[in-house]
Each structure stands twice: as C-alpha cells, then as structure tokens.
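**Q** The structure's right below; bear with me while I get my questions together.
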Amino acid sequence: MSDKPQAAISCQNVWQVFGPNADSALAEALSVHSEPEAAAAALREKGLIAAVQDANFEVAEGELFVIMGLSGSGKSTLIRCISHLLHATNGEIRIDDENIVEATPARLIELRRKKLGMVFQHFGLFPHMSVIDNVAYPLRVQGMKRKARLEKAQKVIDLVGLGGREKHYPRELSGGQRQRVGIARSLVTDCSVWFLDEPFSALDPLIRRQLQDEFLQIQAELKTTIVFITHDINEALKLADRIAIMRDGKVVQIGTPSDIILNPVDDYVREFSKDVAKGRHAHVASVMEPGEGHVYGADDPGLRVDMTLDAALARCMDLYEPVPVRAEDGTLLGVVNPADLAAALHVEAG
Amino acid sequence: MKMTRYAATLGAATFAVTTGMVQAADLGAVDKPIRLAVNEWTGQHVTTHIAGEMLKAAGYKVEYVSAGMMNQFQAIADGDIHATLEIWSSNVSDDYAKKIGEGTVVELGDLELAAREGIAYPAHVGELCPGLPAWEALKDCAPLFASAETLPAGRLVDYPADWGTPGADRMTGLDLPFKAVPAGSEAALIVELRAATERKTPLLVTFWQPHWAMSAYDVKFVDLPAGEDACFSDPAWGPNPNAINDCDFAASRIFKAGWSGLAETWPAASEILSNYTLAVEDQQPMMGAVDVDGGKVEEVVAAWMAENEATWRPVVDAATK
Amino acid sequence: MAGLSKGSLAALVALVVGALCLLLETTLPWLVTFPETLVVPATDWVGTGMTWLLQLIKPIARGFSALMSYPMEATNLVLGSSPWILVIAVVTAIGWMLGGVSMALMAVVGLGFVLASGYWAESMNTLSLVAVSVPLALIVGGGIGVLANEYPRFRKPVQAMLDIMQTVPTFAYLTPLLVLFGFGPVVGLIASAIYAAPPMARNVLLGLERIEPEIKEAAIMAGGTRLQQLFQVEIPSAATQILVGVNQCLMAALSMVIIAAVIGGFDDIGWEVLLTMRKAQFGPALMAGLVIVVFAVIIDRMSGTLAQDNRKRYDARVAWGILAVGVVASAVTWNSLPNPSEYSAFDDAVDAVDAGLSAFTTANWQWLAAVKNNVLYFGLLPLRIGLDEAVLPFTWGFQWTAQWSLGLFAVGAVTGLMLALRGQVTWGIMVLIFVGMLETGITNLPWPFVLVGVAALGWVASGRGLAVLSVGLLLTILLSGLWDRAMLSLYLSGAAVFACAIVGGGIGLLCAVSPMAWRITRPICDMLQTIPLFVFLIPVLMVFQIGEFSAFLAIIAYAIVPMIRYSRHGLTETPDEMIEAAIASGATTWQILRDVRAPYAAPTILLGLNQTILYAFAMLVIAALIGTTGLGQLIYLALGQADVGLGISAGAAMAILALIADRMVQGFAEERRKVLGL
C-alpha cells in the first residue's frame, strides 16, 4: 500500500471484533472470505460482533477529521482503536508513520504523554481531584514538579476560559465547565494528535454551540491533527475538514461536508442530510462548472467560490441564465446555472 | 471409647501421685510467669486463683489466661498455657487423651474435689412427684414431665451434646419413659433450672456438683442404684437385667494437668500444683459468694486464703523449704 | 410435552421422581435411607488431610502469630492504660471532625454509657482487638479486591472464595485456627480478619468495576503507568464504594470479635457476655450486649460519614480544643479517679430487667407454652417428620391412617387439576409436590427426590450449570454421611426462612406504607443486627425452654432483619415517574402498591430473601447452643473435641446448603431484573 508520508494518521484494514477468541475467529473469517461483508457475516454467525469492519482512511496533518454515525455504528470503538484504548483485532494504524497496533506498552505510555490527547463524552474527570489537579494530571504522571505543572495547567485553564475555578471540584461545575476541564486536560501536554469522543453531545444546545466556536478558535491557534466523533450532522458539517460516515461498523462514505450533503452514497447518508439546511454548508464550488466553453448571461451577481449556496441563490433569485463565478481579482473561475443551485438544495426530494 | 479414655486418665493419675512425693525442689525460672488457664465456670476460677496465689506465695509470677475447657489442651501442649487445674473426668475432650499420649501434656494429680453427677431436679419438683428422690417414682411421674417435643414420654434435659449423653444412657438403662433433650450449652441448663424454679413447673436435668446452681435453685439428686463398675459392663447387674448403665453415674474424678515442660522449668511450682487439693466445702461457698452475691473472684479468694492459711501453707512450704 | 413451559416441565419431573420414590419406598428402602455401605469416611479423610496440611504450615502460622502479638499488646497497652477521660476526648474529637456537634455528642454519650456500665476495661480489650484485626482485614480484603480487578480471570474463583469465607460458619474454622495459631487472642484476631475481609474485597472490586470507563481511559490517555492509574485515579475514584467496604469490614470484625470470645484468651466484652449468659442472668448479659451495640453504633456512624459524598468539613481547631481539654483533665485527675470497673450506675436497672423477665415468664408462661405447642404440633412437626408421623392422638387428637393420606392426596390432586385446567400448570404440579412433602416430612424425604427436585429448581432458576453444580455438591454431603444432619438443618432454617419471608415481608410492607412504623422498626432492626445473639438466647429459653421452637425463634429474630429492610427499601424505591403515571391513571395507594411497587420491588425483595437465607444458616450454629441437632451441633462437637475433619466437613456441608440456596434465589432475582429491564 502507498504510505503517504504527509498523513498524520492512517488506518488500513482495521477490524475490531468482540467475543470469545476474537483474534483467531477473525483471522479464519478473513482467510476464507475476501469480501469484508462476507467475513463480518461469518463472524456474526458465530456470535461474535464486528464493531469495526475493515476501516481504511487517512488523516492529514492539521486536518480536522470527523467520524459520524448513529449510536452503535462503531465510531466510539474506532476512535478507541486509533488511540489504542482498544487493541485493534486486525489492521494497521499508523500515527506519524508508526504502527501503534504493534507498539509496546512502554512506547504507548510515551506516546500518550507526548503526542496524544483525548476528550471524553462524559468528561472522564477524576472526581477526587480539583480542576487544576485534573488538568495537571497528565504532567504529574510524567513526574513534572508540582510548581511547574500547575503553572502550565493554569495557562491551559485560562485558554479554555475557566480561570478562577481552579480549586473547584468537578461536582461543583456545570456540564459545559466540566468539558472545558476535559479539553484543558487533553491539551496540557501540547499533543499533536487530538482525539475527541463526542465531546459536546452531553451538553445543552446553547453551550454546545458556544464550545464548538471556542473549539474552532483553539484549533485555529494550535493546528493539531484532530479526530472528532459526533452523532450530530450539523456539528460535523460545522467543524469538519472531512467527514467519515459509519454505519454498522463500516465506513460508508468519506468526504468533505459538501460531498456528504450533495452526493450522499446511499439512503443512510441521505437520511442524515435530510434535515440539514444544505445552503449553509455547501459552497458554490460544489455546483460550479469549468468556465471555459460555457456561455453565461450578462448579469454578474458577484458569486465567489467559497460562498454558501444560500448566499449564492439569494444573489441570483431572478436569473435563469448561467452566471459567472470570479476570483477577487475578477478572473473567471467557472460558471453556475442558477437552476442547479436550487436543485442542489432539494437533492433529497429528487 | 469413653471408657478407654477413662482408664488412661486413671493410670496417668496414679503415676502423677507417686512422683508428686518429692522433697523440696528448686524454684526454677521465677522471672518467667506461669500461665494458668481460666475456663468458663466459676468453680474453676476459684480453684485456679487459689493455686495462683499459692504460687505467688512461693515467689512466682502468675498470669491468668482465659481459655476454653474443651480446646485448651493444644495451648498447654504448645507451652502457651502451663497448667489447668480443674479437669472433670466426665467431661474431657478426646484431644486430652491424644496430648497425654504424645507426652506433650502431663497429669498433675487429683484435685480431690468430691464431685458428683446425677439426674437431678429442683426441690419443688419433689412436691409434684411425691415418690422422689427414689428413682422408681419417675416411672409413674413421667407424663408430668412431658413436653411437646417428647410426648408421650417425659422430658429429661441432658448435658450439651458435646459433653456426651449420660442422661439418655441412664434412661435407656433403667428403661424409664423419658426422652433426653440435649441442652446445647451450660447456660441453657441453668436457664431451664431458673425457669422451672420460678414457675414451679416439673423439670428433670442431668446435673453436677459442685455448682453454684445446686444451692441457688435447691437442686436435689435422684437416688439411683450405686454406679459400680459391673453396671457399665454387665447387663445382668442392676434393676434392668437386659441393659448396662442401669445405675447412677460413676464417681467423677477431678484432676489437674500441665505442660510437659512444667517440672523442668519450675520444679517447685510443679510440686505445689501436683500436691494442691481443694474440698467441695471450701469451693462451693466461694462460688456462691461470687455468683450469687456478686463478689470478685480475687477478693473472695483472698479472704479465703487469709482465713485458711493452715490449709494451703504446708503445701507451699513442702515444695520450697 | 412440547407445550409445557420450562417451569412446569421441571416440576413434572420432580413430581414423577417423588411419586416413584413414595411408591417404591417399601420395596426399596435404600431410596429413603442412603445405604450406609456407600458412605465414604470423607470426614476422616478431610481430618487427616487437614491435619497434615496444618502441621505443614504451622511454623509459618506460629511465626505470624508471634508477629501479630506485638501490635496487639501495644494497642492493648495504649488503650488499657490511657485514662478514660483521654480516650473519650480522642473519640469525641474524631467525632467532631467527622460529623460535627451531633457526632461528637454521640461519642460522649455513648462512651459515657460504657463507662457507667462498668465494662470499660473489657470494652477497651475488645476495641484493641478490633483495632488490630481491621487493618489486617482491610489489607487482605483490599489486596484481594485489587488483584481480582487486575486479573479478570481470577474474578470468578475469588467471588467463590469470598462466598465460602462468608458462608462457612466461623465456629467451623476456629478449630483449625487454634491448631495453627496457638491459643490466645491472635486466633480471635485471625478469625475476625477472615470474616471481615470479604466485604472489603467485594466493595473494592465493585468500586473499581463501577468506575466510569472514561475516567479509566482518561488516566490511560494521560500516559499513566498501570500503577499510577490504579493508585492515583482508580482507587481514589472508587473511594466512596471502598469506604462502604471499610464500614462493613469494621462491623463484621466487631461482631466476629464477640463470637471469637467463645475460644477465650482475651478478657473482652464478648467473654463477659458468655459469662453472664452462663449464669442465666439476662440483665447483665443485656447490659454487656448493649455496650457492644453502643460501640457498633459509634463505629458504624463514624465510618459511615466517611463514605458520604458531600461531607461537610468541620473546624479542626475545635477538635484540638477537645483533645487539649482531655489531656489537661487526664493530667489533673491522674491517679485520683476510681477504677472504671467500679462504676455501676445501671445495677438497679439491670436487676429490674432480670426481675422483669422472671415476672413476665411466671405470669405468662401458660399461654406462651400453648402458642409454642400449637406451632410445634401443627407447623414444625409435620414439616419435619410429615403428617403421617406427626398426627397422633395426643397432638392432633386422632391417629393418621392410610385413608387420611389417600384423602390428602385426593384433595391435592383435585386442587392441582383445577389449577392446571385454569392454565396454571406449574402451580398445579407444585401443589401436588407440596402435599407429598407435607405427608412425608422434610427430614424423611427420599434422597433421589431431593436431588432431582433441587436440580429442577436450579435448572429453572439459572440453567443447566446451576443444576449440575447443586447436584454435585449435594452428592458430596450424601456420600460423606452428613445427609440426615443436613436435612435437619435444612428443615429448621427452611421453616425459619419461610416464617421470616411472611412476617418480615409484612412488616416491610407496613413500614413502606407508614413512616411511623418504620421509625419504630428501624432501631429494633439495628439492635437485632448488632447485639450479640447470645443475649437473646436467655429470654427465649426462659419462655420457651430448650428445643426446636426456641431455636426457630432465635433464628427468626436474627434473619428477619434483611427481609424487613429490603422489602421496605424495594417498595419505597420505585421511580417517581412510574408512581406519577399510576396516580394519573387513577390508582389507589394499595393498587399502586400491588401493581407498580411490588412488581418493581420483586428483585430487591428476592435479594432480601437471599440475605435472610444466609443469615438463617449463620444462626444455625448459634441456635445449636439451645439444643438443636443439625449440622450446628456437629460443629460444636468438633470444636469441643478439636476434631478438625468433622468441623470442616460439617461447616462445608452448611456452606453448600447456603450456597445452593443463594445461587437459586439470585437466579430468580436476575430473571426478574431482566423482565423489568433493570
């Protein structure tokens, strides 16, 4: 296989099977069946559960990669394979070109102390430690002196906006505040790969949006590679560079937010995008055709490539001819047919 | 099996008595305390404390250690406890015979406490069954003693099961229409006596003296044919020609025993303990003073020691001077 | 056959085997009495094996014994020679730190009571025994819990071992302990550590298992080593549950210290209870018992606050102040205070209690005896030896004959048939089985029927595994010749459990409905569970005399408590939403109780029943002190004779019965929980 050096994370043929003698059962199933579907069926036959089936994808350095699916789709299992909280039954998971499936326990501890950070759905805060002790804990296990680690923890606490609550205990905090602690704790080691397992789904919608915005700011500042799990399509679309959609243990589609919205591979994915206001998430680029050889009308509503469909449609509500899309400097980049714009917004109806 | 154990202890007794007649001996390790077993009943406390005071008078240090009657012999064999001073031949565990056989425990001779066991009743029962204390009266009175568990036979409260079933053996031997109910514990026996006395209800128990309850509840023994050796081996003997055990209990022997290293470590103490004896007339009032009048064993014993120096002093002097 | 449910199939099999046994019992007597030639001298083997083993590890044990005597003597010296003012001040200060004014006050009043009772010295001896045995139990129990958590494949064997440690009657292992550790307080210490370690182990394991996975994962992702994860995150996170374990461990150690007094060696409060009991003095025995209750309450409440989540913090300066006052007062009164043993503020009350008991029994014994006779004639005796032997002219007023049997079976058959026709096939068959058992009596049941019946029950309760296990274990009892004794124990504890279920369930229900009733019942329950049970033997014996009925009552007095507690708890803990829905549907209080609360509480109540069964078995040994003849008596015999083999075998037989009953009830409870989706 082609090992692209620029990939921060790469997963190849990753399987996670639960049940008695999972290793040998999977090996046997894979030797008999070449198709992952058939192998999974054979495992099911034996009463084993293939929670992740043959996952293949890569995450580029600095990319925000969202894994989305309904509960039970295997997304939490997959992120636990990548962070090696679970030992993948089969496959290769490379982080910065190092296969962590085969890493020794000592190396794993090393990796976690230096490189990996994780945020949990229900926060995973240590109830017996104060906010600052929770945040400083990853430094404490490394043996950092108390003063130094508290200083560093304080910085991260300020970063997530929890300054002044250092001495509080988790039980004294609201849900949103608790997750800020979780985020701070995962950031305290300056990780380069950041795992977030449904970090905001236990929160109120309002708090959720606020934290998402702050999360994007933090990400813009830190530029870490991120694997983000969610079951909320709006969250995925809002945050993701690319989205992987999982269903029953399989990755069914990987693509940019507009790919997912505009070109769903099957009904399952289409079902997700049904309630989404697509105009807010897809951009003009997704319906644009190359400019050369296309005729376009005399009107120029001033469309730009990174405009959302909603915005574009608002500008050409009363136009029927194709319109040009230009760069800031006026060069022609392509042509958009207003009818396509409208059709893209109603894709699920057709 | 009970009989063989009996014989073994008797044999050991004669041996101990003959070797006990030595002249004044070394005191031995006076700095090391001699540990005496304190068992569960008051009479034994009195016996033990008198012995302890005698040892102190001879110049020894003494410690009293609480210990169970039945299972103290392991501790004595191990030298954790050095002597126990009131063992009833009728009520001694198999463990004792085993330890004697091993030689880890040695007998220290008779306490010469004239003990008696028998079928007994609180005095008021004599009015309910007028033929008592003659044992034949029980034949006709049996229904009087009947209870829900024993109907139609009368009820005899026997020793706890772990002490053996002497009462039941008597009833079978004498062919009396009584069913023996094991008491479970000494406490249960006493409670039965107390309840019967307070309510003036009929009660027949297997009991023994010296015991404070003998006077507290005015307990009387039933007159049974004397317990001769032949009674326990020859069915023809006694009122029932077809059975053994058709007689009273064999006389109980009460003796002392100690750790095998006792004579070597404290020669004089060993001699004092071997020659130490106590009479029922002395012990029973002291038991009453403790159990009925609520006195402390130490004080009751101290008072007795002061008054009866002539009784115990010679034993101490014989060993030390 | 195909149309039958699992339950009716099992019942049918048992019925057929039972009927066959009844028909064949005259021609094949070995069906009723297990042939003696087949009995193996397992007791002797166990004895020989154990003796060999004990000799082997005796030197190590003796070394340990010698080692443990140092902390014992040290604590004994410290507690024994400290002036009582200082001890009270220390405990009060601790009370303040843990629970403020109320806890401090409780310490002062409680210890003041102990002091005034004149049992101060004995209490301090008991306390020093607890002070050494509890840390030992905590270390052992905590270690077991952590290890079981680290190595999941040990969990099952460890759980089984804990079950055994708790179900084998303590008296059964006192004998080998005596041989091993020599005489003296160390045996009491070890015995109480063995008894107190399992609750600790269970709670540690439970606490560690219940930590949210995310917390564990967060610790892993933080890069902690396994030891760092365990000690810095998991154990502190499970602290609440672990402290519950500490609390239970303390209580178990305290109750065991009292039982261990039977072997003596330490002039403690338990020994005092035994001495007063031997004199049939209820007043003093109750007094000594109450001293233990006071200790139990203080220890329980204080350690209980540790396990609370949101514990308030109290000003430490107050505690130091109390301590300082204690030190100063001790120094001032040094040597001028009388010996605490001379206090006897309650002597009059004690005598009054004793006299009161006498007066009560003398006045009331006739009707009480009538109650006893009726229960015996019409309840216990038929249950034990069957109607055919229990119905005699002087009990029921007539003689049981074959016609009566026939008539009984006919009535049973008709009832059963009617039930079956109305669709209740299982109950129909059960009625017939019950009639057969009543006719035969539990102790006369043919052994093949017992084996098949237990297997059938086990199969219904939790499947083939339990059926096989139960039969295998029962076979060992059968083969070792302890069957008759075991059936006697089964009968007595079974009757007691049945009575507990009815009476305890009723009281629990009453307490669930009326807070007033619970306010009265609760302290009684607390006392029944903490006071040494020996104390109650005296009044029970005074009133009902030696015999089965007294034992029956003594067992009930102890075993009824969990039934009451769990019934009430189960019935009151229904989720509010369910109750609201029921109210909205227009249900009355009783309808809610019957249709919503009771079904929802069923698993909890079954759990209570399970506890009641275990308690009843535990109490069997103590009931033997009032002259029962089952396995309990054998255990005493063994203790007296220092017969290791007999003690262990009888103890094991008892544990087997308890274990089988436990697994079955748990199986049914599990099924109910599944039905309710819990």
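Here the Cβ of each residue, glycine as well, is placed from N, Cα and C on the backbone.
According to TrEMBL, the feature transmembrane segment maps to C:77-97, C:103-120, C:127-148, C:242-262, C:282-299, C:319-337, C:402-421, C:465-483, C:490-518, C:530-561, C:613-638, C:644-665 (among others). The domain 'ABC transmembrane type-1' annotation in TrEMBL covers C:123-303, C:486-665.
Could you give the neighbours, burial and distances for every feature on this list?
**A** Counting same-chain residues at least six beyond the ends of the transmembrane segment (C:127-148), those with a Cβ under 8 angstroms from any Cβ of the stretch are 68, 71-72, 75-76, 78-80, 154-155, 158-159, 162, 185, 188-190, 192-193, 196-205, 207-208, 230, 235, 242, 245-246, 249-250, 252-254, 256-257, 266, 268, 295, 299.
Long-range contacts of the transmembrane segment (C:242-262) within the same chain: residues 126, 129-130, 133-134, 137-138, 141-142, 145, 170-171, 174, 187-189, 191-193, 195-204, 207, 235, 268-271, 273-274, 292, 295-296, 299-300, 303-304, 306-307, 530, 532, 534, 639, each at least 6 residues beyond the stretch ends and with a Cβ under 8 Å from a Cβ of the stretch.
Counting same-chain residues at least six beyond the ends of the transmembrane segment (C:282-299), those with a Cβ under 8 angstroms from any Cβ of the stretch are 91, 95, 106-107, 110-111, 113-114, 117, 119, 122-123, 126-127, 130, 250-251, 254-255, 258, 269-270, 272-273, 276, 346, 349-354, 357, 526-527, 530-532, 534-535, 538-539, 542.
Under 8 Å from some Cβ of the transmembrane segment (C:402-421) lie the Cβ atoms of residues 387-388, 391, 427-429, 431-432, 434-436, 438-439, all in the same chain and six or more residues away from its ends.
Distant neighbours of the transmembrane segment (C:465-483): 34, 36, 38-43, 447, 450-451, 454-459, 631, 634, 649-650, 652-653, 656-657, 659-660, 663-664, 667; these residues of the same chain sit at least 6 beyond its ends, with a Cβ under 8 Å from one of its Cβ atoms.
Counting same-chain residues at least six beyond the ends of the transmembrane segment (C:490-518), those with a Cβ under 8 angstroms from any Cβ of the stretch are 379-380, 383-384, 442-443, 548, 551-552, 555-556, 559-568, 570-572, 589, 593, 597, 605, 608-609, 612-613, 616-617, 619-620, 623, 628, 630, 657.
If you look at the transmembrane segment (C:530-561), the same-chain residues 6 or more away from its ends with a CB under 8 A from one of its CBs are 251, 254-255, 258-259, 270, 273-274, 277, 280-282, 285-286, 288-290, 292-293, 296-297, 300, 357-358, 360-361, 364-365, 368-369, 372, 375-376, 380, 384, 492-493, 495-497, 499-500, 503-504, 507, 612-613, 615-616, 618-620, 622-628.
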**Q** Look over the recorded stretches C:103-120, C:319-337, C:613-638 and say which has the most C-beta pairs under 8 A to the transmembrane segment (C:644-665).
**A** C:613-638
**Q** Checking distant contacts: for the transmembrane segment (C:103-120), what same-chain residues at least six beyond its ends satisfy Cβ-Cβ under 8 A?
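**A** For the transmembrane segment (C:103-120), the far contacts come to 84, 87-88, 91-96, 269, 272, 287-288, 290-291, 294-295, 297-298, 301-302, 305, 322, 340-346.
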